[in-house]
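This report concerns only the one structure given below.
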2 protein chains.
Amino acid sequence: MKSPDTTTLLELYNVPKAEPLTVENLGESGLLARILPRLKAFDPLLGPGDDAALIAAPGGKFVISVDTLVENQDFRLCWPSGFCSSGFDIGWKSAAQNLSDINAMGAHASSAVISLTLPPTTPVAWVEDFADGFSTAVRELGAIRCAIGGGDLGRGGELSVTAAVTGDLATEKPVLRSGAEPGEVVAVNGVLGVAAAGLALLDSPLTYVEWSEEESALVLGQRRPRPPLAAGPAAARAGATAMMDLSDGLLKDAQRMAMASGVAFDLDTAELSLDLERLKRTSERLQIDPLNWVLGGGEDHGLLATFPQSTQLPVGFRVIGRVKAIEVGVMGPAIYLDGKKPDVAKGYDHFAA
Amino acid sequence: MKSPDTTTLLELYNVPKAEPLTVENLGESGLLARILPRLKAFDPLLGPGDDAALIAAPGGKFVISVDTLVENQDFRLCWPSGFCSSGFDIGWKSAAQNLSDINAMGAHASSAVISLTLPPTTPVAWVEDFADGFSTAVRELGAIRCAIGGGDLGRGGELSVTAAVTGDLATEKPVLRSGAEPGEVVAVNGVLGVAAAGLALLDSPLTYVEWSEEESALVLGQRRPRPPLAAGPAAARAGATAMMDLSDGLLKDAQRMAMASGVAFDLDTAELSLDLERLKRTSERLQIDPLNWVLGGGEDHGLLATFPQSTQLPVGFRVIGRVKAIEVGVMGPAIYLDGKKPDVAKGYDHFAA
């Protein structure tokens, strides 16, 4: 039955009842007014709201990185499993991915600026949820000195999110990819293969209501990765000789580091047994070799680092291999698994067909 | 007639003859190897090639801004006039737009990072041309201390370019939008309406072969805007009280500044006569009132600034109005034209239908 008093008011003011408010309805300044309060984190010296934000760089230098997530390439709004990612998930993922690059330099994040490209029909609630996810990740992952300096809003045919993040080094010099030396240990910090297993579940025809609690946790690792943000600066202070974040898969990223350093890595797969064990039940259910996820899966955003053999490793790092010299005149792979050449170069290339 | 020797070689090696090399053929690392040498500018302390670039911030602080250009929203690859923009044009425009934000804070650009989202069929030559355009703009516009620190490459359904740029302040404090005081002069630096007239030509059914030399120059102003990069720091040193870049049109941007400062601006349209004169012939040919372009046209990336009346204006600035107090209790517009309320609020909103 109609409720005459409220219906009349709605009709009088011509309020559409069931349609969500979209960014097209609200316009740019209205949208900014809604999301900026949700991006509150550590205050920048100035911003947002002017042409640029002003950020402190107490060391007289800073590191900077940029990363983009594109709908249907780097995430899906709804997945073959029927599960739908929220704006909060995408905001979290964008923050985590960018903060991880700063972590990998041995730095603490000092600022983030965000550029959002939105189809005009995007619900305003999605954008608010995105902003909440971004700022919650900054806070929960422990980037407590990271100011959100504002950004840019624009229209596009597909949803796309770019963030640039800056950071202050924990030590005088950043830890590069190119510093690994023969005789050192290869170590990782964080989970391996969880985000890839989560992706396999999201992409599986198995519907999300059938996921076990364990499987939902793997999917959460894909939706909201947790880069170990204290570990990058700690590794730098402990004397890590090379470091990078694990975004494209252990094999591919280790190969990049070994090649940048002019060395080879020999990884010990026995050291990955706990990572494989964690994925065992899901891999059996999906009939996928969990080694694919552990060696080839990206997006966990843990850290790969090398340390001198005598170094007491900082909390959370575990040894998974050794750095070897390349013999002069011998063509060989940059990565060995248990002393042997791996049969497939696993890892992610953005443009591979 | 066939030339048997070369044809045989091509066939022998199975070289496709007329197909351009695309980013999909080349892959991410191959593409990076091609474009990074083209992005050489002032060297960063470190980068590109690691997780982040290292940038000097001699003042112990820096400004940062981010902007995105999306295909078919912010630019077209080919226009109704038949003219096709080059990768060089898009690279130039991305650099100019971002450097302009740093200029508007009274700062010199110190670094740029770029994120490119590319459909897999994008020709590699386009991406190389983009990189050349970006670095040429950095050089030619005079951002000689701007290091290109690298970036991110990814795949998407539409072409999209995001750049984040950082800068060092020329004075102790940045020049904000909010510092204009009653009694001061309102001044601009750079052209007004040229990019909008260029856009109208590109969007016109008049084909590009019919453009006069003057019209081609207007189109060049849209394709490759020239923000006056020395003028921002000079204005800051001369004591500008408020400053912003003209990216969305004089009326709209002036309104933002006036509102941020809690004042009104009275603009003198007689001071815009040279801007109108420059556009006269084209406006007659396209039958568009040139005042629309001068007041409402964005993308020229000049500067809008206010100065105390006694200030000797830096080179390139010209007075176009006065700052007025808002009378308490009186609702009025933030912008007056020749003492009167303007009949239309012109300017660009990214989400307006």
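Using the three backbone atoms N, Cα and C, a Cβ is placed for every residue, glycine included.
Under the heading Mg(2+) 4 binding site, TrEMBL lists A:Asp51, A:Ser65, A:Asp101. The Mg(2+) 3 binding site annotation in TrEMBL covers A:Asp51, A:Asp101, A:Asp245. Feature annotation from TrEMBL assigns Mg(2+) 2 binding site to A:Asp67, A:Asp101. Per TrEMBL, Mg(2+) 1 binding site is recorded for A:Asp67, A:Asp152. Per TrEMBL, the feature substrate binding site maps to A:Asp74, A:Glu299, A:Tyr348. Sequence annotations record features per position, and here TrEMBL assigns ATP binding site to A:Gly151, A:Asp152, A:Arg177, A:Ser247. According to TrEMBL, the Mg(2+) 5 binding site annotation covers A:Asp248. Per TrEMBL, the feature domain 'PurM-like N-terminal' maps to A:49-167. The annotation domain 'PurM-like C-terminal' is assigned in TrEMBL to A:181-273.
Structural mapping of features recorded in TrEMBL.
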residue  : record                 : Cβ within 10 Å
A:Asp51  : Mg(2+) 4 binding site  : 26
A:Ser65  : Mg(2+) 4 binding site  : 32
A:Asp67  : Mg(2+) 2 binding site  : 24
A:Asp74  : substrate binding site : 21
A:Gly151 : ATP binding site       : 28
A:Asp152 : Mg(2+) 1 binding site  : 21
A:Arg177 : ATP binding site       : 22
A:Ser247 : ATP binding site       : 23
A:Asp248 : Mg(2+) 5 binding site  : 21
A:Glu299 : substrate binding site : 23
Cα of A:Ser65 (Mg(2+) 4 binding site) to Cα of A:Asp245 (Mg(2+) 3 binding site): how many Å, rounded?
12
Could you list the residues of the same chain, at least six apart in sequence, whose Cβ is under 8 A from the Cβ of A:Asp101 (Mg(2+) 4 binding site)?
A:Ser65, A:Asp67, A:Val165, A:Asp245
Among A:Gly151, A:Asp152, A:Arg177, A:Ser247, listed as contacts of ATP, what is the widest Cα spread in Å, to the nearest whole number?
31
Taking Cα atoms as reference points, which of the binding-site residues A:Asp51, A:Asp74, A:Asp152, A:Glu299 is nearest to A:Ser247 (ATP binding site)?
A:Glu299
Would you kindly determine which binding-site residues in the set A:Asp51, A:Asp101, A:Gly151, A:Asp245, A:Glu299 have their Cβ under 8 angstroms from any Cβ of chain B, listing them in sequence order or replying 'none'?
A:Asp51, A:Asp101, A:Gly151, A:Asp245
Please work out the helix, strand and coil residue numbers for the domain 'PurM-like C-terminal' (A:181-273) from the DSSP assignment.
49 helix, 13 strand, 31 coil
In DSSP terms, helix, strand or coil for A:Asp101 (Mg(2+) 4 binding site)?
helix
I'd like the per-state residue tally for the domain 'PurM-like N-terminal' (A:49-167) from DSSP, helix first, then strand, then coil.
34 helix, 48 strand, 37 coil
Nearest of the binding-site residues (A:Asp74, A:Asp152, A:Arg177, A:Asp248, A:Glu299) to A:Asp51 (Mg(2+) 4 binding site), judged by Cα-Cα distance
A:Asp152
Assigned conformation of A:Arg177 (ATP binding site) - DSSP reduced to three states
coil
Distance between A:Asp152 (Mg(2+) 1 binding site) and A:Asp74 (substrate binding site) at the Cα atoms, whole Å?
20
